[in-house]
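What follows is a set of notes on a single structure, which appears directly below.
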Amino acid sequence: MSGAALGLEIVFVFFLALFLLHRYGDFKKQHRLVIIGTLLAWYLCFLIVFILPLDVSTTIYNRCKHAAANSSPPENSNITGFHATATPVPSRHPCFKPWSYIPDGIMPIFWRVVYWTSQFLTWILLPFMQSYARSGGFSITGKIKTALIENAIYYGTYLLIFGAFLIYVAVNPHLHLEWNQLQTIGIAAANTWGLFLLVLLLGYGLVEIPRSYWNGAKRGYLLMKTYFKAAKLMTEKADAEETLEDVMEEVRKVNESIKYNHPLRKCVDTILKKCPTEYQEKMGRNMDDYEDFDEKHNTYPSEKSLVKLHKQVIYSVQRHRRTQVQWQILLEQAFYLEDVAKNETSATRQFVHTFQSPEPENKFIQYFYNPTVEWYWECLLRPWFYRILAVVLSIFSVIVVWSECTFFSTTPVLSLFAVFIQLAEKTYNYIYIEIACFLSIFFLSICVYSTVFRIRVFNYYYLASHHQTDAYSLLFSGMLFCRLTPPLCLNFLGLTHMDSSISHQNTQPTAYTSIMGSMKVLSFIADGFYIYYPMLVVILCIATYFSLGTRCLNLLGFQQFMGDNDMTSDLVDEGKELIRREKRKRQRQEEGENRRREWKERYGHNREDSTRNRNLHVDPKESNLSDISTNRSASKYTRANNRTERDRIELLQDVEPLDFNAETFTDDPLESEPGR
């Protein structure tokens, strides 16, 4: 099993990152380099989180082996001149290899490759790809030029700081830094920046995640919040449609001014390809390719203005598509929550949906997740499950906050994470050690990463599910993950006292800590910032619990969901009316489809029977019988006509009127119907 666990986790984490990227990104429409860069960043960060427990168990085994080697008795001893063989003393350290043991020399190389690759992505490659993806250039060279210009200040700041530091070291005669020390300083600077952001996100996630599950058990709360989201999303949807109309009007003007033989016509064609299909058809019908652009002395847009217009088209189309998809998803959520509220008082204990799902469900799921099981889960078990889960997550949050405030204390050990790991280390229960480490770092990662997925910086950064995230937001999330994961892992090792700079013990460090280097070069960071700054998580948790950030955003004009606010109540009522209107609209559509289906089933067979009767050969001797049958069918049709007159009137009302086209209208009925 040596190295097998490492290989299995590498494969599993890859598919996990691929699944999440498929949920948020769009493999078909987005550029391949964007997909590959984001996938690599997410994959490396998730890999660090999953592999670190194996590094901890391997380090504990190596410590045990080292302690057993130092405490072993000599092989031979001479007692009063007699040559005697000493009896072997049983070792006090029952060292046995864990099932996930990784051989020596593999982990340092692995961590070195993973860490420096992630740092190259977050500080150099991904910012450049962000500017490249957001650029409106029409060629690869133009996009690269734009990306370099936008990142000149970004990269120049780093070079300026690094150059000033080198000059300071060269002038000061008391400082003699080697390459390893410079490398450690660079790592410390990156981890300091990441730890500053990490504590902010962690303080929010430790409170908001348990509270979200507790509120998830309240059906009324979820329904009111969904109405609130519907009102806000409708405003955003209307704004996106208006912006798209304005941008398409600019594209129409450019399309009419720049004709087929203009040098910039290729740029206009590229812009038209990014427009929605309905706008492309409208602009294509109004295009006159035979008009020369030199015949009219008009002012034509420059290439720079076309680049700006191309950028606006990409942004507006992406935003319009995202709001449309999110509106449909929010409608389904609102309809389902209303169905749950109705079915809670059902005496039959059968879950009844107002609207059937348009996608056919799997037969296996239909068999086990039938309406009865769905009623018990949604109306009875799910609220209690969410409450229990919220309590468990709250306990984890309290443990994390306590450990963040006391992990610097080594005698006595106050950090609960360190207590759990040290108890397991005494018995060398590697399974328990790996499970405890994985649950601890997994919970910390969920608190931090979920906040990255939830936050929204206006319309510049927003991770939207169902393949609606743009390239800029995907790359920005990859940058955040690569900057947050290394300090997150160092913070976890400090909580468990596996970091020698925290425990102040002369023990073998983990392979991950050895890659970070010794922080004795920057003692004010190792003994000051890394120790006392994480205590701010207490203040952030208190602020999140009392929703201070939400209240501040409300004061600034950014409406947030708050139950004791008049504006929130108004938006909830507005969203409720919007959902009711969409529900009536969908019900009318389903009723119209049902009437069409019934009309087709009822009169489609009669039409087939009449066609079949006309094709039959009628014998002259049986003409009387055929007349009788014709009369009977006529009388039958007359009786049926009265019975179905109402249905046909309703069907005619549902039919949309045809568009009038003056070009195809003719006064002569013979010309309009030549076959009559």
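Note that Cβ sites are derived from N, Cα and C of the backbone, with glycine treated the same way.
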- Query: If you check TrEMBL, which stretch out of 230-257, 258-285, 482-509 is marked coiled coil?
  - Reply: 230-257
- For the transmembrane segment (152-171), could you work out the same-chain residues 6 or more beyond its ends whose Cβ comes under 8 Å from its Cβ atoms? 123-124, 127, 177, 185
- Item | Residues of the parent chain within Cβ reach of the transmembrane segment (472-493), under 8 Å, 6 or more residues beyond its termini | 21, 24-25, 30, 34, 37-38, 40-42, 44-45, 48-49, 52, 56, 115, 118-119, 121-122, 126-127, 129-130, 133-134, 187, 190-195, 197-198, 201, 417, 437, 440-441, 444-445, 448-449, 452-453, 460-463, 499, 502, 510, 512-513, 516, 530, 534
- Message: For the transmembrane segment (33-52), give me same-chain residues lying six or more residues beyond its boundaries with a C-beta closer than 8 angstroms to one of its C-beta atoms, as numbers and ranges.
- Response: 6, 9-10, 12-14, 16-18, 20-21, 25, 27, 110, 114-115, 117-118, 121-122, 125-126, 129, 133, 437-438, 441-442, 445, 471, 474-475, 477-479, 481-482, 484-486, 488-489, 492-493, 512
